[in-house]
Amino acid sequence: MVLIKVLANLLILQLSYAQKSSELIIGGDECNINEHRFLVALYTSRTLFCGGTLINQEWVLTAAHCNMEDIQIKLGMHSKKVPNEDEQKRVPKEKFFCLSSKNYTLWDKDIMLIRLDSPVKNSAHIAPLSLPSSPPSVGSVCRTMGWGRISSTKETYPDVPHCVNINLLEYEMCRAPYPEFELPATSRTLCAGILEGGKDTCVGDSGGPLICNGQFQGIASWGDDPCAQPHKPAAYTKVFDHLDWIENIIAGNTDASCPP
């Protein structure tokens, strides 16, 4: 059964699909402390519920279904228990969605741009990740990461982010297992995973990056639950297809429209 991988109050989608806002990495290893300077953690109260990506000193890109009230954003974090000296905290100044109705049930509009309340400073553990200069290719080896669940069946969450390498697959590989959802034949969504299973994002990883050949190509969006099942890869919002919208919003054109 597929369900939204966020918190219960995000089930406004009225779908039983696994949106990975609460997902973690399955089948990976602890990330090196120096390999995720762009990775941010989204908190509400004391709960880490999503990831995101710092794309410049003032903007974070994440999934639309990660939107919640009272979001706090931690940058430069590795261990949840032992803070880095250069960690910084911010809150959203503005949030922008590809659809004004925030109706990300269209599957390929699960993207949110957050303007921080003040710019961050680069440091040993904080630096932005550039937007992609070209689209990704099927067959690419991609890396994804997050503080999400590390067990597909148990509520086991790590202290530090986990990283895993997965493959970029044809979109149909994500569409075919779920005929009941009548997903569109084409989509601005990337499909990534390991067909034999065992490696995947999971609950708590939503909003985090998918990096293919060194470029930021995807935002963790939805997948099956339990995670990492054979022939059930996960879906990621395609960053490249939203470049014009992202760049227009950052430039101050808040009326910018999403790609059709």
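In case you wondered, yes, glycine gets a Cβ from its N, Cα and C as well.
Secondary structure from DSSP puts HIS65 (active site, charge relay system) in a helix. As annotated by Swiss-Prot, active site, charge relay system applies to HIS65 (among others).
According to Swiss-Prot, the active site, charge relay system annotation covers ASP110 (among others), on the basis of similarity to another entry. In the three-state DSSP scheme, ASP110 (active site, charge relay system) is classed as coil.
In three-state terms derived from DSSP, SER206 (active site, charge relay system) belongs to neither a helical nor a strand segment and is classed as coil. Positions annotated as active site, charge relay system by Swiss-Prot, on the basis of similarity to another entry: SER206 (among others).
Contacts of CYS31 (disulfide bond) defined by a Cβ separation under 8 A and a same-chain sequence distance of 6+ are given as HIS78, MET145, VAL160, PRO161, HIS162, CYS163, in order along the sequence. Residues or ranges marked as disulfide bond by Swiss-Prot on the basis of sequence analysis: CYS31-CYS163 (among others).
Around the Cβ of CYS50 (disulfide bond), 35 further Cβ atoms fall within 10 Å across all displayed protein chains. The disulfide bond annotation in Swiss-Prot covers CYS50-CYS66 (among others) and rests on sequence analysis.
Summarising the annotation, Swiss-Prot assigns disulfide bond to CYS98-CYS258 (among others). In the three-state DSSP classification, CYS98 (disulfide bond) falls within coil.
In the three-state DSSP reading, CYS142 (disulfide bond) counts as strand. In sequence order, PRO136, ASN165, ILE166, ASN167, LEU168, ALA192, LEU210, ILE211, CYS212, ASN213, GLN217, GLY218 are the residues near CYS142 (disulfide bond), counting only same-chain partners six or more apart with C-beta under 8 A. Residues annotated as disulfide bond in Swiss-Prot, with sequence analysis given as evidence: CYS142-CYS212 (among others).
Around CYS174 (disulfide bond), the same-chain residues at least 6 positions away in sequence with a Cβ under 8 Å from its Cβ are LEU183, THR189, CYS191, PRO233, ALA234, ALA235. The disulfide bond annotation in Swiss-Prot covers CYS174-CYS191 (among others).
Residues annotated as disulfide bond in Swiss-Prot, with sequence analysis given as evidence: CYS202-CYS227 (among others). CYS202 (disulfide bond) counts 32 other C-beta atoms within 10 Å of its own C-beta, drawing on all protein chains shown.
Look at Swiss-Prot and you will find 25-251 tagged as domain 'Peptidase S1'.
What Swiss-Prot records for ASN103 is N-linked glycosylation site, and it gives sequence analysis as the kind of evidence.
According to Swiss-Prot, the feature signal peptide maps to 1-18, an assignment based on similarity to another entry.
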For CYS227 (disulfide bond): DSSP state (helix, strand, coil): coil
Overall pLDDT of the domain 'Peptidase S1' (25-251), taken as the mean: 94
Between CYS50 (disulfide bond) and CYS202 (disulfide bond): CA-CA distance (Å): 11
